[in-house]
Ligand SMILES: Nc1nc2c(ncn2[C@H]2C[C@H](O)[C@@H](COP(=O)(O)OP(=O)(O)OP(=O)(O)O)O2)c(=O)[nH]1
Ligand SMILES: Nc1ncnc2c1ncn2[C@@H]1O[C@H](COP(=O)(O)OP(=O)(O)O)[C@@H](O)[C@H]1O
């Protein structure tokens, strides 16, 4: 029987996590989860955690670990029938440890992309906030300028994609990601992909996942997101 599959994708801002997650979700039928989208949904719905999270995001800060885990872990525990890929969580070692005590991950993808490449990409990134679809005016422009391909709704640019904010984000990523990457390496589930172009990295990710993920339509088992099952 097909086994459910749970994975995390990590990488600095602009490394292509959103773009690659979307491809993985389409190709393998995984549910794509994004911590940022989830927080934005909670802010829009005015939940207690959303209101609290907003006060941090507005100041350009990470949402504290206890708020993130309270928001996300119950959601993951509900996903007993879906294979999923998580983007944006864990972002600290404490989050990784909390996830580890709730869920057995099958695989972690870590993207290793040069700084100059990241800077170029992010200055040209546009997003459809409702779906999380990302566009780049050179790499994958929308069919109609400024509009999402599927909904036709307007695209927006995040303030923190500006160059001055980016340097600090990248430095911060390096510091906090190192212990998380070490943790997943020690568990033997880390796969690192390096390069300057998503289209060149994608075939390697695709072939790795083809050997690991049951294809869409074969998700027959139920697997609680709890250790020990
Ligand atoms: N020129 C070029 N642009 C790319 C390539 N791959 C992705 N992009 C574009 C799409 C976006 O506009 C931007 C960043 O990609 P993503 O939003 O997928 O990155 P990621 O989710 O890691 O960023 P985040 O953590 O949300 O800031 O770069 C590539 O190979 N070449
Ligand atoms: N795992 C997380 N831990 C703490 N804060 C988070 C986490 N994921 C998202 N956030 C908060 O939500 C914001 C938006 O997240 P995201 O959409 O991933 O965009 P970005 O990382 O590009 O800022 C982040 O800047 C951060 O404040």
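Using the three backbone atoms N, Cα and C, a Cβ is placed for every residue, glycine included.
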14, 15, 16, 17, 18, 19, 134, 135, 198 bind ribonucleoside 5'-triphosphate according to TrEMBL; which of 27, 125, 147 goes with them? 125
Since the record lists 14, 16, 18 as binding-site residues, which of them has the fewest other Cβ atoms within 10 Å of its Cβ? 18
Tell me the Cα distance separating residue 18 (ribonucleoside 5'-triphosphate binding site) from residue 63 (AMP binding site), rounded to the nearest angstrom. 20
If we count other C-beta atoms within 10 Å, could you say which of the binding-site residues 91, 169 has the fewest? 169
Going by DSSP, give the three-state secondary structure for residue 63 (AMP binding site). coil
Could you give the Cα-Cα distance between residue 89 (AMP binding site) and residue 135 (ribonucleoside 5'-triphosphate binding site), in whole Å? 22
